[in-house]
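Asker: In case it helps, TrEMBL gives these features for our protein:
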- B:647, B:653, B:687, B:691: [4Fe-4S] cluster binding site (BINDING)
- B:691: siroheme binding site (BINDING)
């Protein structure tokens, strides 16, 4: 039987992502953007803006938000919700940081 | 404990005599003074002392006696058998005894491992040389003091808490001290970049040199350290090198005894290791995945362990929130909890540039989750207390940042607050201008704008912090006749306009984004997508070659040197100088298009070829192939020179008056590279028939028999506008010089994202003409500054990336293949 912790996949070291930057993780079902804030917090969202599918990993990260590179929607990194007058939500995924490495919960990230 | 044991005292052995061990025993004796016979093995040849006070000892502010926690009398009073300088080398768990380096074997009922941690030595050549020390115990301090007595140079590797305290102590002892720090900002684990900027200023003010983003490559010297070499080739001379790059839990003993260890000795909430008679406490411990290097968590652990050893029912240790204070006299700094970026709507920031104060409290769900204070830390413990309690601060949010003393008042509307101020209230702290002087000047001199007030009273002309206050005074003095027209704040992070921010960057020599945000009182901690790219540009323009470009403040296109498309793929446009190409170039473009399965190959309006639909990860390979054919980035994504459109000119055209193609190529080669406020497109037409459509370009040249007419400020986009004639020059050389000087004027004066035509209308065509056509010295100076700005950037960004620069932009962090089924076991 698998233990719960086995679903945390090590996707790489924190320092592989620049502060205030993002990189993607390709999974069979979807591409996930992993964001690193200026103070080394990590967040994971599906790499698709709820507006027109823009790659959020390419946006400018500020605070706990990212500006979509296509039409500048501002997406909250914590829950994927669009901010301001815009309505929509990018799916967010459990991610954690341990001893300088980033772990993504594949039981969620690989599910439907 | 079994019933039989109750009658006799149990034997407690403590390995290590640091602060954690001392605190456990203190707590234990207070609870159950007669429960144990205690023996301590301490590696250091002295009693227990307050290790965190070593910095004041180094700085000469305290003596060793001042920092002793338990003197010999204390051990005697509690019947503790302290074996100073006796190191335990093995634990025999089956026999329940330990053996020391001198062969003593001692039995235990319960054992506490409090072996602490040791400084990390970075594995560089020369690390073992005499003169290289760490900063951990009194011996280290004595070694540093001995070295400092000879004066000379000290290099401290590590710009964290310990490194900075060591550096301050050495500087106070008269050494010329340099701090070498691997990360871009000091104390990056405890401070945000804003506070780190202030800290660096304060450290440098003491004459300590600070080198950030500096990686130590080797320690130099034959018999004694003589210097430090950095990775970039710089060498620093050094008579003393202090390594203060971090600590590592001492786990060897526990590991050899077969206890469970990871980074530290694994303990449960009762500080018990994997052996039920062995406990561990302090810096050697790993609890719930955390290792601690600060004193407060050690004390909390000690309390739990002592209570449990005393036989009390305890709820267990659950981990600690930590706070940090730097013990450098004259530097007030406090950091606690999660000081992360936060959400700019959920943080409160107060900056007072003149007094060097920065305070930031980070909130979530009306609770404080972190605080960073610099310059005034009086309320640090209050915030930390609210944080630990998880107190709801919704009621006091408006005044939270002013601290505990300001709670309970009624918040005021800022405009009303200004109106209520007395006439002699100081508005501008930098220049000492009071409210009365400003309103007086507005009335008597008929001032109507912020700039008028600045010119007449100097108020808000230094740091700009009081701009909104001055504006409020204008508003209520002038009433309805005040119009803020033309004054637009850069973004919601500041009250200043683009022009004002730029002006201050130069007048106050601000050279980094945190410097701009602090000295100009930014209202957010990390800016926004509007101000960050603008600041980045202004800094690049003001300090060419010196300011380091911040990729994360750039739009994706400029970061990856290609144009993002609606489906997330990218297009690329190679330079085609003056719109001229060759069969070889076209062949190379065709090959790349085929190899990468490019569906659309499009001729652009700027006489080049656009390849659309690249996957981002394919870009470096495509560029390498284009580079091999001599093609480079066309910067079709840049706020910089895009294209120079030309007609064929006198070489072929029967109407051509000059070599417009040749001039276009020369211009493109001379002007491409440096960044401009917005994109810049040129055209050169060989005769007034104007086939290159030069009169709707940002800069257009119309060749005529007598020379070259230089036109500026055309537009053919959302807005269509014919150019204005800037002036006429006789030679090609002049044409290039005047155009470059104009480009520099635009670079220095226009707001970020402001196209040429818009800026010229604002700046004034006559003023541009005077500065470029009439002021010959001024023009030469502009040209010189332009050339300087080009030095730093005239490299092909594609070639750099094809060679591996910023590879992280083009590759995924990870690619996880579908999980293959594994047979059930």
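Each residue, glycine too, has its Cβ placed from N, Cα and C.
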Asker: I need the neighbours of the [4Fe-4S] cluster site defined by B:647, B:653, B:687, B:691. Which other residues of that chain put their C-beta within 8 angstroms of the C-beta centroid, in sequence order?
Answerer: B:648, B:649, B:655, B:656, B:660, B:685, B:686, B:689, B:690, B:692
Asker: Just to be sure I understand the packing, how many Cβ atoms besides its own are within 10 Å of the Cβ of residue B:647 ([4Fe-4S] cluster binding site)?
Answerer: 26
Asker: Far apart in sequence but close in space: which same-chain residues, 6 or more away, have a Cβ under 8 Å from residue B:653 ([4Fe-4S] cluster binding site)?
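Answerer: Expected: B:647, B:686, B:687.
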Asker: Restricting to the chain of residue B:691 ([4Fe-4S] cluster binding site) and a gap of 6 or more, list residues whose Cβ falls under 8 Å of its Cβ, or answer none.
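Answerer: Listed in sequence order: B:647, B:685.
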Asker: Does DSSP give residue B:653 ([4Fe-4S] cluster binding site) helix, strand or coil?
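Answerer: DSSP assigns residue B:653 ([4Fe-4S] cluster binding site) to coil.
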Asker: Which secondary structure state does DSSP assign to residue B:647 ([4Fe-4S] cluster binding site), in the simple three-class scheme?
Answerer: coil
Asker: Determine the Cβ neighbour count for residue B:687 ([4Fe-4S] cluster binding site): the number of other Cβ atoms within 10 Å of its Cβ.
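Answerer: The answer is 20.
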